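According to TrEMBL, the protein has these features:
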type: BINDING; residues: Ile11, Gly12, Cys13, Gly14, Lys15, Met16, Ala72, Val73, Lys74, Pro75; note: NADP(+) binding site
type: DOMAIN; residues: 10-100; note: domain 'Pyrroline-5-carboxylate reductase catalytic N-terminal'
type: DOMAIN; residues: 164-269; note: domain 'Pyrroline-5-carboxylate reductase dimerisation'
Amino acid sequence: MQNPLPSLMLIGCGKMGGALFSRWVENALPPSAVVDHHKEELTQKFSSTQHIFSASVKEIPDHFTPQMIILAVKPAKAMEALTSLPNRFKNSPVISILAGKTVAYLRAGLTPTTPIIRVMPNTPSLIGAGMSVAYAEANISDPIKAACAALFECAGEFAWVEHEDLMHAVTALSGSGPAYIFYLAELLLTIAKNYKLPQPLANRLVTQTLYGSSLLLKTSALTPEELRQQVTSPQGTTAAALSVLMQPSAWPETLERALQAACERSRELNQ
Ligand SMILES: NC(=O)C1=CN([C@@H]2O[C@H](COP(=O)(O)OP(=O)(O)OC[C@H]3O[C@@H](n4cnc5c(N)ncnc54)[C@H](OP(=O)(O)O)[C@@H]3O)[C@@H](O)[C@H]2O)C=CC1
Ligand SMILES: O=C(O)[C@@H]1CCC=N1
């Protein structure tokens, strides 16, 4: 049986924090607090009497102490959010989903002993199909790590990395990754217009092809290369298309540069 979820204080309930919070609510989150400037909208959206919705940490009632704090504001707002935490919260373990911000950076806004875990989730978490990857320093206790894993397993798949530096590549691949797929869908739909396909049909072709290919990739014992070869008849249509996409300057170099740019930006975000 899965571990029960810890009670939380979620700071920042926007696109990513909100997607995760929906999953946690669906998975029997104990009474928790959500701190977000958009308190009114969130109170309406989640229409829950069990959780506290607040525009500021200072409004959280004194009797409430979360088992964990989830930090989900934009990286530039991290220090402001952490330094505004009243002292009574500063011993709760903190899970940060922020891109780029290292444990050392976050610690400067907390105490020397606050347990800190970094997690990089992605937006398919909203439908339980997310990929979350976590890094914890060696001194973080097993129960805290287990509680973190239980939270993010509600949102899809979960993995640990041993070295914090790998979080840059994780962010570039799976954190930002959904945007690359959505952009591919956008491009295919735009190009489909040239072929006079009815738009609703084009939408179905693109969506179902991305969905079916992802599911096949996830469930098949074959490698991506083998699956690609199964589609590619000699001298056929796929071979014609791939002869364009597989040019070094086409997808291989473009994707390499894109991931490199994401990694570089992740490093810059720690400043
Ligand atoms: N979006 C994604 O796909 C992913 C994002 N992340 C990380 O998640 C974090 C959040 O990103 P995202 O959800 O896209 O951002 P959003 O801007 O959608 O959400 C952040 C929310 O926090 C609120 N907020 C900011 N500071 C405070 C504060 N001090 N007190 C209360 N509320 C506050 C913001 O309000 P306001 O609008 O008024 O600023 C906003 O509602 C980022 O650090 C990002 O790196 C990680 C993985 C994927
Ligand atoms: O674009 C960003 O910086 C965040 C981190 C990963 C996805 N969105």
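From the backbone N, Cα and C atoms, a Cβ is placed for every residue, glycine too.
Here the features listed in TrEMBL are painted onto the structure.
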| residue | record | CB count, 10 Å |
| --- | --- | --- |
| Ile11 | NADP(+) binding site | 27 |
| Cys13 | NADP(+) binding site | 26 |
| Lys15 | NADP(+) binding site | 10 |
| Ala72 | NADP(+) binding site | 26 |
| Lys74 | NADP(+) binding site | 12 |
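Each residue in the domain 'Pyrroline-5-carboxylate reductase catalytic N-terminal' (10-100) gets a DSSP state, and the totals come to 35 helix, 15 strand, 41 coil. Here the domain 'Pyrroline-5-carboxylate reductase dimerisation' (164-269) has, by DSSP, the following mix of helix, strand and coil residues: 85 helix, 0 strand, 21 coil. With Ile11, Gly12, Cys13, Gly14, Lys15, Met16, Ala72, Val73, Lys74, Pro75 listed as the residues that bind NADP(+), the site has a largest C-alpha separation of 14 Å.
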